[in-house]
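*Asks:* Checked Swiss-Prot, it gives:
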type	residues	note
REGION	16-24	region 'Homomultimerization'
MOTIF	35-49	motif 'Nuclear localization signal and RNA-binding (RRE)'
MOTIF	71-82	motif 'Nuclear export signal and binding to XPO1'
REGION	80-103	region 'Disordered'
COMPBIAS	92-103	compositional bias 'Polar residues'
Amino acid sequence: MRDRADEEGLQEKLRLIRLLHQINPYPHGQGTASQRRNRRRRRRRQWFRLVALATKLHTIPDPPTDSPLDRAIQQLQGLTIQELPDPPTDLPESNSNQGLAET
């Protein structure tokens, strides 16, 4: 079981490295020597930033599958509103309304 988890972790890292290589290709060989050097430096800095980001993302632990928040959300989703009776169609007249109409 442990070997399988290690293998899956290795495959995930390889996929991540492949993705990073696709995102940040090696610079072209055209231009003066200083232009090529600057492009290589920029690429190296970008590469280190991407690797740092990838390691941060890879080391973030997964949230627990059954946290109290998840249980509370499931309970709230299970709630339903009860059907209310229809309101009355004709309203009874009150004495205060009649007094205002006569004056």
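Yeah, the Cβs are placed from backbone N, Cα and C, and that goes for glycine too.
Help me see these features in their spatial surroundings.
*Replies:* Note on the region 'Homomultimerization' (16-24): DSSP counts are 8 helix, 0 strand, 1 coil.
Mapped onto DSSP helix, strand and coil, the motif 'Nuclear localization signal and RNA-binding (RRE)' (35-49) counts 15 helix, 0 strand, 0 coil.
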*Asks:* Taking all residues of the region 'Homomultimerization' (16-24) together, what is their mean pLDDT?
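*Replies:* The predicted confidence over the region 'Homomultimerization' (16-24), as a mean pLDDT, is 74.
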*Asks:* As a quick check of your reading of DSSP, tell me how many residues in the motif 'Nuclear export signal and binding to XPO1' (71-82) are helical, how many are strand and how many are coil.
*Replies:* 8 helix, 0 strand, 4 coil
